[in-house]
Amino acid sequence: MCILSFLKSDQSSSYDDDEYSKPCCDLCMCTRSMPPQCSCEDIRLNSCHSDCKSCMCTRSQPGQCRCLDTNDFCYKPCKSRDD
C-alpha cells in the first residue's frame, strides 16, 4: 500500500538547489489530441519542479514526488543528450 501526500510547489524542501527545481522533464507523455495533453512521468526526490501546481509525494524518506499537472507542451529534458 502506498501512502501519498499532496504538496504545493511553494513548500520548502530539503533540496533547495536552483538547478534541481528548474522545470524540466525526461519522460513526457502526450495525447494525440489537438491541443495535446502532456504530463511528466519523472520522479523527483522530496519536491517537484518550481512550475508544478499539483505535486504528489510519497511519505517515504526521501519522498518520491511527481508533478500531476497537464500542459499542452513538454518541458525541455533535464538530462543533456551527451550523458
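Using N, Cα and C of the backbone, Cβ positions are placed for all residues, glycine too.
Other Cβ atoms within 10 Å of the Cβ of C78 (disulfide bond) number 18 in total over all chains. The disulfide bond annotation in Swiss-Prot covers C24-C78 (among others).
Long-range Cβ contacts of C40 (disulfide bond) within its own chain (separation 6+, distance under 8 Å): C25, L27, C28, M29, R66, C67, D69, C74, Y75. Residues annotated as disulfide bond in Swiss-Prot: C25-C40 (among others).
Feature annotation from Swiss-Prot assigns disulfide bond to C28-C74 (among others); the stated evidence is experimental evidence. Following the DSSP three-state reduction, the secondary structure of C28 (disulfide bond) is strand.
Sequence-distant neighbours of C30 (disulfide bond) (same chain, six or more apart, CB under 8 Å from its CB) are P36, Q37, C38, S39, C74, listed in sequence order. Positions annotated as disulfide bond by Swiss-Prot, on the basis of experimental evidence: C30-C38 (among others).
Feature annotation from Swiss-Prot assigns disulfide bond to C48-C55 (among others); the stated evidence is experimental evidence.
Under the heading disulfide bond, Swiss-Prot lists C52-C67 (among others). DSSP assigns C52 (disulfide bond) to coil, not to a helix or a strand.
In the three-state DSSP scheme, C57 (disulfide bond) is classed as strand. Residues or ranges marked as disulfide bond by Swiss-Prot: C57-C65 (among others).
Look at C74 (disulfide bond): DSSP puts it in coil.
Looking only at Cα atoms, C55 (disulfide bond) sits nearest to C65 among the disulfide-bonded residues C24, C65, C78.
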